[in-house]
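Asker: Mind having a look at this structure? Questions to follow.
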């Protein structure tokens, strides 16, 4: 694989600050770009939002976003320009040839992204032009679907499609502004062009409370960033590849891996929260009114903090983490596969798309495979617990305080321990790295899944079949008694007649 060298703008001050605080200069640029969303929001609200000419708004967003992109990636900014221009001209030429347009648009963007991954890939996460480009790929693919949905009759569209369909293609300047939106192009979130247009047209401006909500999100993001940095200082990734980790007691190993996974997760959460705070401050994220009649500014939220911190299962993590991207995949991939008439295949295809979208590393594919297997197993366990355990022992268990305490501890322990297993491959990426960590914890994740599958299917085969057989015998006995009773009554009936 070719060695990649990035052509970034030289900045001695940035290099000096980065070395002084002990972080890579690329990471410092990324953080500063995310934080730049707040002064950009202040400038827009103070000077630009009151200007009637919408062209000025589009120029402001396109210019700020492209400038911040250049600050991070230098001349590699041209990759995003190629992507935007390609989709723009494809719309001009092929919009009414729906299937051809969608196929070319999808294949072009995914192929370009995968080629980018191929030429820039390494053993670690790299803050290169491919990072914002993967966000842009989803935006351009989703935009393509919205354009073609605009050609359909209203009756042919789903509720989601009605909210995002575009009857009229935007201008090139509008598309550039939408694509380079300052607080949305780098790490997400995804939002449709219709939301951007409504925002620029002032449809959200009369609603209050966005600045306060944005500041709260900023505070949460700063808190998670601090916890992440402190936690990973004590539990760095490299520690889990060492012989010292493998020599720790098994229970301590799996708990250390679980807490490390939490801290690693907070790295992404902090970036999303800081970005969301800037988007809220600028006023893009209005969702409607909450149950108390107050403005709800969570329209671009990418994480559900309450569910993330109080959830007990991997499914809770899936529902609370990277919410915005999951919603995008649900709307533009999963639901578009409805013609397959099989939810399992559609779900598997959606997870496969997410894995490919992340890159070539085997860790991504193992992560999404584990997600599928673990969530499926959790559903089986829930079904077994509610259908088998509770009907027989529920009256005892539900009245026991000791059981309730043990139940809580078990779920929380599972939550921490299995999070470590599931996130290992995602962080270490390469097979030769994540398999070392799996081996160091004795492959406990695989072991549990195999043991549960053996038990569950054995139970279904023997106990369920015997239960059905017993139920059938009971029914036959009941039918026999009923017939006998009928026969005994017949003479009496004849006498009465």
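Residue positions begin at 1 at the first shown residue.
Each Cβ is built from the backbone N, Cα and C atoms, and glycine gets one as well.
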Asker: From the list 155, 465, 480, pick out the residue that Swiss-Prot labels phosphoserine.
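Answerer: Among 155, 465, 480, the residue Swiss-Prot annotates as phosphoserine is 480.
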Asker: Pick from 31-51, 52-72: which range has transmembrane segment per Swiss-Prot?
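Answerer: Matching range for transmembrane segment: 31-51.
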Asker: Within its own chain, what residues at least 6 apart in sequence put their Cβ under 8 Å from the Cβ of residue 322 (active site), listed in sequence order?
Answerer: 268, 272, 302, 303
Asker: If you draw a 10 Å sphere around the Cβ of residue 398 (N-linked glycosylation site), how many other Cβ atoms fall inside it, taking every protein chain shown into account?
Answerer: 11
Asker: So, taking each listed stretch (74-94, 213-235, 339-361, 408-428, 435-455) in turn and counting its Cβ pairs to the transmembrane segment (100-120) that are under 8 angstroms, which one gives the highest count?
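Answerer: The stretch I would name here is 74-94.
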Asker: Taking the Cα atoms as reference points, how far is residue 358 (active site) from residue 398 (N-linked glycosylation site) in Å?
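Answerer: One finds 44 Å between the Cα atoms of these residues.
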Asker: Apart from its near flanks, which chain residues at least 6 from the ends of the transmembrane segment (339-361) lie with a Cβ under 8 angstroms of it?
Answerer: 110, 113-114, 117-118, 121, 134, 137-138, 325, 329-330, 333, 367-369, 371-372, 429-430
Asker: Quick one: do the transmembrane segment (74-94) and the transmembrane segment (31-51) have at least 3 Cβ pairs under 8 Å, skipping pairs fewer than 6 apart in sequence?
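Answerer: Judged by the Cβ rule, the two regions do not touch, with the required three close pairs absent.
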Asker: To the transmembrane segment (173-193), which of 31-51, 213-235, 264-286, 408-428, 435-455 is linked by the most Cβ pairs under 8 Å?
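Answerer: Top-ranked stretch among 31-51, 213-235, 264-286, 408-428, 435-455: 264-286.
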Asker: Can you tell me which recorded stretch out of 31-51, 264-286, 435-455 has the most Cβ pairs within less than 8 Å of the transmembrane segment (213-235)?
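Answerer: That would be 264-286.
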